[in-house]
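Worksheet for the structure shown next.
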Amino acid sequence: MSNPLFLGEVSKRRTFAIISHPDAGKTTITEKVLLFGNAIQKAGTVKGRGNAQHAKSDWMEMEKERGISVTTSVMQFPYNDCLVNLLDTPGHEDFSEDTYRTLTAVDSCLMVIDAAKGVEDRTRKLMEVTRLRDTPIVTFMNKLDRDVRDPMEVLDEVENELGMMCAPITWPIGCGKEFKGVYHIHRDETILYESGHGHEIQEVRIIKGLDNPELDEKVGESLAASVREELELVMGACPEFDHEAFLVGELTPVYFGTALGNFGVDHMLDGLTEWAPAPKTRQAVERDVEATEDKFSGFVFKIQANMDPKHRDRIAFMRIVSGTYTQGMKMNHVRLGKQVSISDAVTFMAGDRSRAEHAYAGDIIGLHNHGTIQIGDTFTQGEALKFSGIPNFAPELFRRIRLKDPLKQKQLLKGLVQLSEEGAVQVFRPLQNNDLIVGAVGVLQFDVVVARLKSEYNVEAIYEGVNVATARWVECGDAKKLDEFQRKNQTNLALDGGDNLTYIAPTMVNLNLAQERFPDIDFRATREH
């Protein structure tokens with residue numbers, strides 16, 4: 001029987017990720033969430049002047065230079081009566097694979113939308129991934145301190161394009177230079193906008209009731225009248241917030257504000273901590289695992305090399321699914337069938353690491369990894385479980401990688417295998433030659449790999465074009481047919497970083513022909529870890 005203290009710890013966990021299109025203001029929101037959670041004293045904005053603070057969650061050198069989040073960071077902080085685990089995900093075009101995998105480790109998501117632009121391409125793609133698990137979504141319409149589109153129009157777009165009903169919780173009063181604040185529909189109060197920057201959280205003035213004459217006085221009669229009119233429309237056209245519909249991903253509560261101006265983020269956090277689910281039941285291949293089970297279980301969704309330049313180590317990020325982690329406990333590393341003792345797990349505040357003494361279902365902990373842990377690995381207190389749904393995506397872009405100094409082949413291979421294990425890039429070794437082919441989902445990943453090979457492995461490498469259009473993992477239940485396929489397709493076959501057989505196609509036509517000629521072979525565009 002689970003004890004009340006443990007159940008209390010699990011029920012106050014809220015584990016969520018932020019998803020958005022690049023430049024919708026995600027990193028700024030992350031900062032301000034941490035600021036309101038008192039996790040940092042000063043929010044560092046990303047694209048600042050030369051001496052500006054760098055954002056707390058962007059801690060790798062290249063991220064600091066470019067002002068983009070390249071890797072997923074994990075930050076934990078208390079808010080209201082909850083303990084929040086925030087997983088920051090790369091917002092830049094090119095880092096989708098890491099982001100997809102991170103979405104498998106959360107119980108809810110915050111979707112950030114630039115209110116001037118509405119629903120953008122990257123947001124659509126990420127929402128497809130959240131759909132697979134019916135993840136509950138809270139929405140924050142950002143940048144109200146700039147000129148934005150008609151809010152009603154943007155809500156319609158979310159409903160039509162993402163298939164979710166929108167229930168506004170707050171509503172903007174003006175925008176751009178005329179932005180005066182928001183009306184909180186649930187609390188029946190107007191919160192007036194005062195711009196706060198960096199680490200200043202402004203005292204806000206609150207006006208009770210929509211018909212309060214003080215509202216006309218503060219925002220002007222004509223704006224007050226038009227807001228009352230708008231709200232009448234909104235109340236008629238939009239559904240009321242329905243908690244059940246939210247929990248199955250059918251309805252999203254919507255908040256308005258400006259992350260840069262420190263305004264509206266706290267309203268959103270209040271809603272998220274009140275409504276988002278505590279850690280949920282999760283499917284393993286063998287059975288469903290409840291978060292409140294006594295016995296520990298967890299899965300690895302990301303591996304990060306060299307988080308600490310002073311220690312050239314790797315950290316495996318593990319989502320705890322059930323039970324409690326205690327320092328020094330023994331666990332079963334299921335894939336290897338090995339008992340391991342974990343005494344030095346870490347908890348995260350982006351880049352600052354502190355030793356974890358206890359962690360509970362819903363928490364993310366870091367395990368020191370010396371090459372034995374892979375993405376998708378499960379750890380339990382004995383039971384052989386395998387959690388499903390942690391995807392690997394076939395790359396869309398390919399380059400041949402070559403050394404400037406041929407004597408460093410060993411270091412190059414080691415670096416590439418480590419980077420592929422953490423999901424930064426995929427590596428393919430053709431069966432018929434000694435080439436090393438790197439595959440990625442976006443161009444920027446190639447730059448990241450070369451930069452990291454240089455700074456972490458002291459290897460200088462350059463890229464060349466390669467005649468590869470796409471790759472597919474190949475599988476077949478019939479060993480004889482697989483052998484025949486291998487014999488006839490030697491020139492197109494390679495092994496990936498995990499030694500899985502892969503078909504490398506110079507053109508899509510070539511791939512289609514191979515699929516026609518070998519109907520018994522399964523050509524897969526995704527592979528579970």
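Every residue, even glycine, has its Cβ placed from backbone N, Cα and C.
Under the heading domain 'tr-type G', Swiss-Prot lists 11-280. Annotation comment: Swiss-Prot describes 20-27, 88-92, 142-145 as GTP binding site.
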Measure from the Cβ of Asp23 (GTP binding site) and count the other Cβ atoms within 10 Å, all protein chains considered.
17
Could you find out if DSSP has Ser20 (GTP binding site) as helix, strand or coil?
strand
Let me check the 10 A CB neighbour count of Leu144 (GTP binding site). How many other CB atoms are there?
27
